[in-house]
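Q: Below: one structure in structure tokens.
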Amino acid sequence: MSDICWICNDVCDERNNFCGCNEEYKVVHIKCMQLWINYSKKKECNLCKTKYNIKKTYVSFKKWNWCFNDKKTTLFKIFFILFALVFIFLTITLSNDMANLVTGINDLICSIIFLIVYTVVMLTSICFSVFVVAIVVDFLLEAKEKNSFLTIREIV
């Protein structure tokens, strides 16, 4: 009688040593185990709790798949980045004019008000810059994770 792969329930003549289990749990196709590991993202056997010998491999950046499941979040991030970049550009463009305006005013109260407004605009621009960097880094880390796969090897 032939052995049966515990993942696909097909006939299997392979006996692989991916964990500490014995007998029927060693009967598994290598391709089935690869698919199961990449799907489940489990790092250890559910039964014997032995850690799998797994290597994470990343796809080359040029070959990344940029399709994301959560399109609303991705769209929100893109629109936020565009809005922030436009705001930052306008702040930089207008900052020189605002500085000249503040220094040209003789009234102390108006000068202080303009200085406060100018400072708030600049701080907002800096905050937007930090948020843009954080969102881009998060976006790239998520893409990197989605463009990776796990390779399992037998335990020696």
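Glycine is treated like the rest: Cβ placed from N, Cα and C.
According to Swiss-Prot, the zinc finger annotation covers 1-55. The topological domain 'Cytoplasmic' annotation in Swiss-Prot covers 1-73, 133-156, and the record cites sequence analysis as its basis. The feature Zn(2+) 1 binding site is assigned by Swiss-Prot to Cys5, Cys8, His29, Cys32, with sequence analysis given as support. Marked as Zn(2+) 2 binding site by Swiss-Prot: Cys19, Cys21, Cys45, Cys48. According to Swiss-Prot, the feature transmembrane segment maps to 74-94, 112-132. Swiss-Prot lists 95-111 with the feature topological domain 'Lumenal', giving sequence analysis as the kind of evidence.
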Q: By a Cβ-Cβ criterion of under 8 Å, what residues six or more beyond either terminus of the transmembrane segment (74-94) are in contact with it?
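A: Tertiary neighbours of the transmembrane segment (74-94) are 68, 121-122, 124-125, 128-129, 131-132, 135-136, 138-139.
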Q: Between Cys19, Cys48, which of the binding-site residues has the fewest other CB atoms within 10 angstroms in the structure shown?
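A: Lowest Cβ count within 10 Å among the binding-site residues (Cys19, Cys48) is Cys48.
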Q: Could you tell me what the rest of the chain brings near the topological domain 'Cytoplasmic' (133-156), counting residues at least six beyond its ends with Cβ under 8 Å?
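A: For the topological domain 'Cytoplasmic' (133-156), the nonlocal Cβ contacts are 16-20, 33-34, 37-38, 41, 50, 52-59, 63-66, 68, 74, 77, 80-81.
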Q: Cα within 10 Å of Cys48 (Zn(2+) 2 binding site): which of the binding-site residues Cys5, Cys8, His29, Cys32 qualify?
A: none
Q: Compute the mean position of the Cβ atoms of Cys5, Cys8, His29, Cys32, which form the recorded Zn(2+) 1 site, and then list in sequence order the other residues of that chain whose Cβ is within 8 Å of it.
A: Trp6, Ile7, Asn9, Asp10, Cys12, Val28, Lys31, Met33
Q: Suppose we draw a 10 Å sphere around the Cβ of Cys8 (Zn(2+) 1 binding site). How many other Cβ atoms does it contain, all chains included?
A: 14
Q: By DSSP, what is the split of the topological domain 'Cytoplasmic' (133-156) into helix, strand and coil residues?
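A: For the topological domain 'Cytoplasmic' (133-156), the helix, strand and coil counts are 14 helix, 6 strand, 4 coil.
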Q: For the zinc finger (1-55), what does DSSP give as the number of helix, strand and coil residues?
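A: Taking each residue of the zinc finger (1-55) in turn, the totals are 15 helix, 7 strand, 33 coil.
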Q: Compute the centroid of the Cβ atoms of Cys19, Cys21, Cys45, Cys48, then list the same-chain residues not in that set whose Cβ lies within 8 Å of it, in sequence order, for the Zn(2+) 2 site.
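A: Neighbours found: Phe18, Gly20, Tyr25, Glu44, Asn46, Leu47, Lys49, Thr50.
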Q: How long is the line from the C-alpha of Cys21 (Zn(2+) 2 binding site) to the C-alpha of Cys5 (Zn(2+) 1 binding site), rounded to the nearest angstrom?
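A: A Cα-Cα distance of 14 Å.
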Q: Distance check, please: Cα of Cys19 (Zn(2+) 2 binding site) against Cα of His29 (Zn(2+) 1 binding site), rounded to an integer number of angstrom.
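A: Cα-Cα distance, Cys19 (Zn(2+) 2 binding site) to His29 (Zn(2+) 1 binding site): 14 Å.
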Q: Which whole-number mean pLDDT does the model give the topological domain 'Cytoplasmic' (133-156)?
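A: Here the mean pLDDT over the topological domain 'Cytoplasmic' (133-156) amounts to 84.
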